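S.K.: Take this structure, written in structure tokens, and hold onto it; I'll ask about it next.
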Amino acid sequence: MSIFLVKAPAKVNLFLHITGKRIDQHHYLESLFVFVNVYDLLEVNIDGRKRGVYFSNFKISKYNNTVYKAIELLLKHSSVRPNISVNVIKNILVSAGLAGGSADAAAIIRLLGNMWNIDCKLLQDLALKVGSDVPACLESKTLFAKGVGEDILLLPDLLLPRYIILVAPRGKSLSTAKVFNHYKCDNFSASICDKLPVKQDDWMELIYNSKNDLLDVALNFVPEIEEILFVLKKLKNVFIARMTGSGATCFALFHELSHAENAAKHLRMTRPDWVIFNAKIL
């Protein structure tokens, strides 16, 4: 039996624009992804006695989850059929706009794909079958994604403020599918693909002036998001404050570590009803 321990980092959408809808009702998105040092941990046992995916601190089905779906897809393209069991230690908030399930699936795809020498293009195709955020999570680097998550542009030279605090209302969660199903706006955001910035300052201006198109829908289900964003935007030295993904997690981004730490310390003292993480962009 072989045992592997792998990390799955959380993602944050610095902006998220909805630019249209396909006939199958999937939405076209354009989003700037970053990944932060808040991780789920996956203990992967290969050729052991057990099969399935086990979550140490959440009640999630061991067969009906993104990690198990990814394993089943990978096994169809492998010459071996080992027993695989995974114990997932969840640190990323569930149903919170941080792509925890997608990150976990991407982590197992990376591990088994490399182990079984599966082609990188095929891995990306399989990742998209698991979920629209999984191809981006497979990269786990700063990137711009468009379409339904399949079209990715890596941005290795983009220098961003690195220090971030994540804030979510305690005990609240939001289903991604629920939020998208209630997104009824037909006045979609204009695509920015033909005018993506080249210069660093232009990227910073784009990020600052962008938004999350899912915010209004999320507010209908978790109105506490509005107060969180109001407080975050008032923090000293904050660059931007915004909701990530389909919510309900929000973030505040800072240039200096001390500014982020002071802000998080203040929030922990004054808002015990919020879950707060200090993090750094990878």
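Each Cβ is built from the backbone N, Cα and C atoms, and glycine gets one as well.
Copied straight from Swiss-Prot:
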- Lys11: active site (ACT_SITE)
- Asp133: active site (ACT_SITE)
- Leu93, Val94, Ser95, Ala96, Gly97, Leu98, Ala99, Gly100, Gly101, Ser102, Ala103: ATP binding site (BINDING)
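Show me how these features fit into the shown structure, please.
M.R.: In the three-state DSSP classification, Lys11 (active site) falls within a strand.
Just so you know, the Cβ of Asp133 (active site) picks up 28 other Cβ atoms within 10 Å once every protein chain is counted.
Within the same chain, residues at least six positions away from Gly101 (ATP binding site) with a Cβ under 8 Å of its Cβ are Asn65, Thr66, Val67, Val94, Gly131. The secondary structure of Gly101 (ATP binding site), as reduced to three states from DSSP, is helical.
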S.K.: Report the residues of the chain - excluding Leu93, Val94, Ser95, Ala96, Gly97, Leu98, Ala99, Gly100, Gly101, Ser102, Ala103 - with C-beta within 8 Å of the mean position of the site's C-beta atoms, for the recorded ATP site, in sequence order.
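M.R.: Surrounding the site, in chain order, are Ala10, Ile92, Gly245.
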